[in-house]
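Student: Below is one structure. I have some questions about it.
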Ligand SMILES: Nc1nc2c(ncn2[C@@H]2O[C@H](COP(=O)(O)OP(=O)(O)OP(=O)(O)O)[C@@H](O)[C@H]2O)c(=O)[nH]1
Ligand SMILES: [Mg+2]
């Protein structure tokens with residue numbers, strides 16, 4: 001029997017911190033299942049909220065603005081007899097305005113290379129829409145081979161009768177294996193999604209130790225937390241013009257960890273907005289980010305934030321690769 005009760009512990013470990021040999025000590029269970037799941041969908045439908053719920057901790061930042069997620073984010077959800085490796089991806093967009101958008105979409109596609117199944121998340125509040133484009137961008141030629149679940153999210157926002165109608169529409173007009181209505185925000189239906197995934201994963205041993213939730217280094221999450229606070233504090237185009245890099249991260253045995261972060265913007269006018277009158281806005285941002293970083297790392301830190309201008313960084317392929325958009329995430 002596959003159990004869903006075992007949530008991963010709140011325990012972040014760097015990839016370098018563990019040795020794969022440790023897995024040799026785990027007795028091989030012939031019924032153990034493991035595999036990769038790619039989470040696709042348009043911007044703002046709740047992909048990150050769903051991924052976080054499944055992993056049991058907040059790995060992906062969530063905001064009410066579209067195009068929050070920029071990298072594919074790996075989250076590991078383990079139980080006694082299963083391990084699901086989830087890829088939360090940036091929202092699939094039609095109009096690619098910058099090189100950054102094109103590179104983000106490449107990262108969506110590359111998440112699907114190892115996929116054993118696909119979740120396509122849609123927003124139940126929106127009129128039903130075909131999902132061909134999302135599948136094309138996300139999995140390309142693999143679309144007919146991979147088991148696909150349509151997750152009808154945000155069901156808490158619509159009436160039960162409406163949910164039934166939308167469910168029927170998606171069952172009729174999309175070529176998916178199943179449709180499950182959920183409310184990722186409140187965790188409703190998330191176990192049904194897990195059950196579906198489990199039924200599609202092949203038998204095999206765990207890829208990662210059972211007590212880790214991600215392979216990204218801590219500094220990656222630090223940068224993401226700062227980016228989330230930027231989205232929450234600033235309006236319009238400003239958050240989209242920001243890139244956050246951790247330039248220094250020093251663990252100190254007898255003092256608070258020292259973290260230096262730079263926010264790169266495209267224009268001086270954006271820098272002025274970020275800093276605010278007498279530096280008040282930046283101070284507010286740094287405090288909000290520090291509190292969340294401390295909560296995430298479970299220790300006190302000293303956070304220094306600086307704003308820099310790099311004109312048109314979103315169009316500069318070299319810079320984009322340097323910032324980690326070229327494939328594997330390099331935390332800066
Ligand atoms: N009411 C309600 N809101 C939800 C639900 N799931 C997500 N949201 C909200 O929808 C917004 C977008 O959620 P995200 O998880 O960031 O969406 P996303 O698909 O990852 O967005 P991108 O990364 O921008 O593509 C946030 O304000 C969430 O709180 C849900 O089940 N119910
Ligand atoms: Mg997201």
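Note that Cβ sites are derived from N, Cα and C of the backbone, with glycine treated the same way.
Because the structure is a prediction, the values reported are computed rather than measured.
In case it helps, TrEMBL gives these features for our protein:
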type	residues	note
DOMAIN	33-203	domain 'Era-type G'
DOMAIN	234-311	domain 'KH type-2'
REGION	41-48	region 'G1'
REGION	67-71	region 'G2'
REGION	88-91	region 'G3'
REGION	153-156	region 'G4'
Student: Where does the mean pLDDT land for the region 'G3' (88-91)?
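Tutor: Looking only at the region 'G3' (88-91), pLDDT averages out to 96.
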Student: For a three-state summary based on DSSP, what are the helix, strand and coil counts in the region 'G3' (88-91)?
Tutor: 0 helix, 1 strand, 3 coil
Student: Helix, strand, coil: count each for the residues of the domain 'KH type-2' (234-311), based on DSSP.
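Tutor: Helix, strand and coil residues of the domain 'KH type-2' (234-311) number 33 helix, 26 strand, 19 coil.
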